[in-house]
Amino acid sequence: MTANQRTSNAVEKIGFEKVFELVGGHGKCQWILMWILSLQLIFLTWNHLGYIFIGAVPTHWCQIELLEKATNWTAAEIKELSLPKTINTNGDQDWKYDSCKYYDRDYDYIATRFGNNYKEAIAYVQGSNSDETKTCAKWNYDNSIYSSTIVTEFDLVCGRRYLAATIQSTYMIGGLVGTFLFGTLNDRVLGRRNSALISIILVLLGGFAATLSQSYWLFVFIRLFIAIGTAGCMQASSLLILEHCDIGSRAKFYSITGAFFGVGYAIMPIYAYFIRDWVMLQLAFSATTLLLLSYFWLFPESPRWLASSGRDEQAVKALEKIARLNGKPKPNKDQLLVLIQSCHKHHGGGDSEGEGRSQFGRKLQSIAYNIKSLLDTREGCKRTLTVWMLFIVVAFVYYGFAFSTNLTSNPYLLVTIGGLMEIPACIVPVPFLSMWGRRPTTAICYFLTGAFAIAIAVTPPEYEMLRIVFTMGGKFFIAAAFNVIYLVIGEVYPTLIRSTGQSAGTIMGRFGSIAAPYVADLLTTVYPDLPCAIFGVVSIFGAGVALMLPEMKDMEMMDQVSELELEKL
């Protein structure tokens, strides 16, 4: 089937689009669903990105306990006497105190002899010509920005700093597990609604349990489960909104819903600003998320999924409810059944397993078939590999930006900017998706992200306002790219493997997000803006890959796997 033929089909509203013509594909029902899912997305954002503040790395230096207890010297005086200085590549001063080493001196003797005379103590150590250093065993932390974080709780600095990045990378691994687990199950077993419920419960239990963590590895383990739940819930929500809308409104409703991720992102720093203890902040996030259970009964199941899964009677009931909410006349039940069944016939006969899907063995078999279907045809393989590369790039750069809180001197301002940029980034691309198409819009978003990231890397730290402007641009376009690519992946696969396709793409993206915390955090010790340069180059590469996407503008969404064999890239 050529692109022109497919466009013709869309115009004639063949398949499930004909059903939406009867019940309404862009009315009151879709707006209600959008608001329900939007509120959920706000709460999930806090659990998803809250580690920006919970795991923040404050300024730190070696603790010289003898001098702190035995003298009345200020912290600045103790630093000057005990800490070596290093070159400062990111600030107004040419030097800074070393965060991980201190001078190897007899501080017991110094405190006993010069405890009341700091000037004599300085003269003594300067005349001793002793420049040997040792690695810190304990640290002091600057609490002017954060009163406590998970980093200060377990001293995840210096030689242990990789453990801080490991927490977020492990979280992303949990997201990978959650995406795979719920993505492969909710196409044939759970459905969209049940997946969302189970996921929310995991997020809530994990959030409260995290505050009770008494060890580093227990905290890592609990965060893994929070990630599994968050990934499953976000995935189910995106599929619900896509599958409740007709062709003309998919991009609009999906993008507006996605904008509320930015609302949650922008609100999060307000919580963090007033609650600067990580335990209380995590409790606040989890307590607010409890609200999700209070209105979960409003969540509908996707009629498109019910129909594609052979649950025609349930699909009819769901469609009748949509028609009622949209103010449409109640459709004739027999007419709806005929349309749904003709949709199966038109798209290859539907699901041959019928009622047998209730058997566990056949459910597993259908899951394996879904995964195989992604790469089973030449067209499916080309689409899948293109989407995978785009997901790796967008996740790597997006989370790299999110965890790079050193781009300005005020992390609360930086994160607020990031959140605010998410809102227009979800809405602004919509008209361009309709005018230019999915492929060029996606490529432009990736390219401009790379341009702004490189601009940040070459701008000196003293030009902070200019760096803020470039940061706003980079965050805007990478957020836009993330939103657009999720819309694209919802369109390039048929309904029966759409969730699996989205899951596979998101899973590949997780590999990018797993690497992002290490690049954003650890490479700053080599050169502060090196991560931005890397993000820029990778984004421009992604722009080239985006040109390989199929153009789905004005195309009807496919329902059956057999349609992939008729498509051309």
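Quick reminder: no glycine exception, Cβ is built from N, Cα and C everywhere.
If you look up TrEMBL, you'll see 105-554 marked as domain 'Major facilitator superfamily (MFS) profile'. Taken from TrEMBL, the feature transmembrane segment applies to 162-183, 195-212, 218-241, 253-274, 280-299, 385-401, 413-436, 443-459, 465-489, 526-549.
Here the transmembrane segment (443-459) does not lie next to the transmembrane segment (280-299) in space: the count of CB pairs under 8 Å, restricted to residues six or more apart, is fewer than 3. Sequence-distant residue pairs (6 or more apart) of the transmembrane segment (280-299) and the transmembrane segment (195-212) include at least 3 whose Cβ atoms are under 8 Å, placing the two stretches in contact.
For the transmembrane segment (218-241), same-chain residues at least 6 beyond its ends with a Cβ under 8 Å from one of its own Cβ atoms are 30, 33-34, 37, 40-41, 44, 47-48, 51, 150, 154, 166-167, 170-179, 181-183, 186, 192-193, 195-196, 198-207, 209-210, 253-254, 257-258, 299-300, 302, 305, 486, 490, 498-499, 502-503, 506.
A Cβ distance under 8 Å defines the sequence-distant neighbours of the transmembrane segment (253-274), meaning residues of its chain 6+ beyond its ends; these are 26, 30-31, 34, 37-39, 41-46, 49-50, 52-53, 237-238, 241-242, 244-245, 281, 284-285, 411-413, 415-416, 418-427, 429-430, 479, 483, 486-487, 490. Contact counts against the transmembrane segment (385-401), taken as Cβ pairs under 8 Å, peak for 465-489 among the stretches 162-183, 195-212, 413-436, 465-489.
Sequence-distant neighbours of the transmembrane segment (413-436) (same chain, 6+ residues past either end, Cβ-Cβ under 8 Å): 52-53, 251-252, 255-256, 258-259, 261-269, 272, 401-402, 405, 407, 445, 468, 471-472, 475-477, 479-480, 483-484, 487, 553. Note on the domain 'Major facilitator superfamily (MFS) profile' (105-554): mean pLDDT across this stretch is 82.
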